[in-house]
Structure formats: structure tokens, C-alpha cells
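All remarks here apply to the structure that follows.
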Amino acid sequence: AQTVPYGIPLIKADKVQAQGYKGANVKVGIIDTGIAASHTDLKVVGGASFVSGESYNTDGNGHGTHVAGTVAALDNTTGVLGVAPNVSLYAIKVLNSSGSGTYSAIVSGIEWATQNGLDVINMSLGGPSGSTALKQAVDKAYASGIVVVAAAGNSGSSGSQNTIGYPAKYDSVIAVGAVDSNKNRASFSSVGAELEVMAPGVSVYSTYPSNTYTSLNGTSMASPHVAGAAALILSKYPTLSASQVRNRLSSTATNLGDSFYYGKGLINVEAAAQ
């Protein structure tokens, strides 16, 4: 049997899938620790590695494989179901098996996505400060037509200070915070003026290396729900620009409260793909 994680109906991705839109012909890049391409619930069609000695289609950490499943786990009667199971999935490895990496590797990954005509990129990663090269890379990606999605960060509210990380904090990037199954903000979810939308990020069940599955918490888990939602919109309306897709997601989100803590609210991809 196939498990449908709670996040799929919570963002109404099930409704869009039922219309026949599942992300076909949309190229999504997971900029992360790589993807365990041997997993039977994932189909990786390409990628690149910017971590020396590691190939893109392996994942010694697990993070990237989990993120990938939330976007794209196959609709195949087994395992779990992703938000957009028919996307063309690309593994862009910029973080090592410990989950750490350099801004230069991340920049190279973003540039690879831009050069290879990807439609959506997910960055479930971040740091407390940015870099000129990182800003230029995400700005260029967005200008080239890529929907750029990133985890807002797991630094909490820290006495209501702005805790949004980079690259999420940049204008060209959709910063995604985390809610639980009851639509309450996760205590760890970063806050700030740049926070754009919320998605499920508590006890998210997805693919994991060695052909297994596990539940994880984090804005890292919320971000791929939004990347997948963008892919669903693009599979229904292939001619939309990145800014149009972004606007649909934010303008149709369900308000959950103060924008400093919730952005525009929980994404509703059924409404966004009207």
C-alpha cells in the first residue's frame, strides 16, 4: 500500500493531482546532499555534484533523499506519495555526507540549474549570513525563469528578532516556514519580514536512503512542499513565469496570523492552480 503523508491533503495537492496534474514535464532540482537514486520510490533523471569524490545520485546523509521524496515520491502503490510525483527530478549535490557545504558549491549548483533550464529549485539549506555570489546566483536564476524556493531556517523566534537565513532572505527566493498538522507554527520555524509562506514541516514522512522511509522535522521539510506545489501549477499552466507562479502561491495562501510569524500563511495549491 502507498502512504499519503498528511502534508499532501493539507496543502490540497491531492485535489490538483486528481485533476490529472502531477508535475509532468517540469524540471525540479534538489540542491542538497544528493539523492539516493537507487530508492524504488524515486526516479532521478540527472544532476551534478559539486562535492569532491561524491556522485549526485548517492546520499550519505539522508537529508536530500527525504526532501526529494516530499517533492517527487512516485505514485506507484508503494511507499509514500510526493506533492508532484511526475516531475523530472534532478539531484544537485552541494552538501557533503555530514550535511555541510560551502557557499561556492551552492552557487555552482544554482548556476548548473540555471544553465540546464530547470523550472524549480529547492534549497533546504541556509546560513546566518549571505554572500554576494550567492545573491547574484539566486537573482540570476529567478530572472531566468526559475521558481527559487528555500527553507526559512530553524532558528525560532529568538525574542521576536528576524531569524530568516540565507538564501531564503533574498528577495528573489520564496522563504518557507513550517507548520504542524494542525496548522500551528513550529516553535523552531524562523521568523521575519521576508517569510513568505508556510508548509508542513513537523513529522513529515518521506523517502530515506537504503530504500527506507522516515519522519523528520524542519523548515527543510516544508520547503519541498512549496517546490512541489510550484511544479503542479507549472504542469497545469506551463507558460506562467516564475513571478506569476510565486504570486499565485502567496496570494492564495490561507492566512494563519501575523505575517512576521506566518508570512502569507499556509499554501493552498488547489487555489493557486485555479
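Backbone N, Cα and C atoms are what each Cβ position is placed from, and that goes for glycine too.
Here is what Swiss-Prot records for this protein:
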- Gln2, Asp41, Leu74, Asn76, Val80: Ca(2+) 1 binding site (BINDING)
- 5-273: domain 'Peptidase S8' (DOMAIN)
- Asp32: active site, charge relay system (ACT_SITE)
- His63: active site, charge relay system (ACT_SITE)
- Ala168, Tyr170, Val173: Ca(2+) 2 binding site (BINDING)
- Ser220: active site, charge relay system (ACT_SITE)
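Swiss-Prot feature annotations superimposed on the structure.
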{"residue": "Gln2", "record": "Ca(2+) 1 binding site", "Cβ contacts under 8 Å, 6 or more apart": "Asp75, Asn76, Thr77, Thr78, Gly79, Val80, Leu81"}
{"residue": "Asp32", "record": "active site, charge relay system", "Cβ contacts under 8 Å, 6 or more apart": "His63, Gly64, Val67, Ala68, Ala91, Ile92, Lys93, Val94, Leu95, Asn122, Met123, Ser124, Leu125"}
{"residue": "Asp41", "record": "Ca(2+) 1 binding site", "Cβ contacts under 8 Å, 6 or more apart": "Gly69, Ala73, Leu74, Asn76, Thr78, Gly79, Val80, Thr207, Tyr213"}
{"residue": "Ala168", "record": "Ca(2+) 2 binding site", "Cβ contacts under 8 Å, 6 or more apart": "Met123, Gly126, Ala150, Ala151, Ala152, Gly153, Ile174, Ala175, Val176, Ser190, Glu194"}
{"residue": "Tyr170", "record": "Ca(2+) 2 binding site", "Cβ contacts under 8 Å, 6 or more apart": "Gly130, Leu134, Lys135, Val138, Asp139, Glu194"}
{"residue": "Val173", "record": "Ca(2+) 2 binding site", "Cβ contacts under 8 Å, 6 or more apart": "Met123, Val138, Tyr142, Val148, Val149, Ala150, Pro167"}
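The number of other CB atoms found within 10 A of the CB of Leu74 (Ca(2+) 1 binding site), across every protein chain shown, is 22. Each of the recorded positions His63, Asn76, Val80 was scored by the other Cβ atoms within 10 Å of its Cβ; the lowest score goes to Asn76.
For Ser220 (active site, charge relay system), the Cβ neighbour count at a 10 Å cut-off comes to 29, with all displayed protein chains included.
For the domain 'Peptidase S8' (5-273), the predicted model reports an average pLDDT of 98. Summary of the Ca(2+) 2 site environment: with the site residues Ala168, Tyr170, Val173 set aside, the chain residues having Cβ atoms within 8 Å of the Cβ mean position are Val138, Val148, Ala150, Ile164, Tyr166, Pro167, Lys169, Asp171, Ser172, Ile174, Ala175, Glu194.
Under the three-state DSSP scheme, Asp32 (active site, charge relay system) falls in the strand class. When secondary structure is read from DSSP and collapsed to three states, Tyr170 (Ca(2+) 2 binding site) falls in the coil class.
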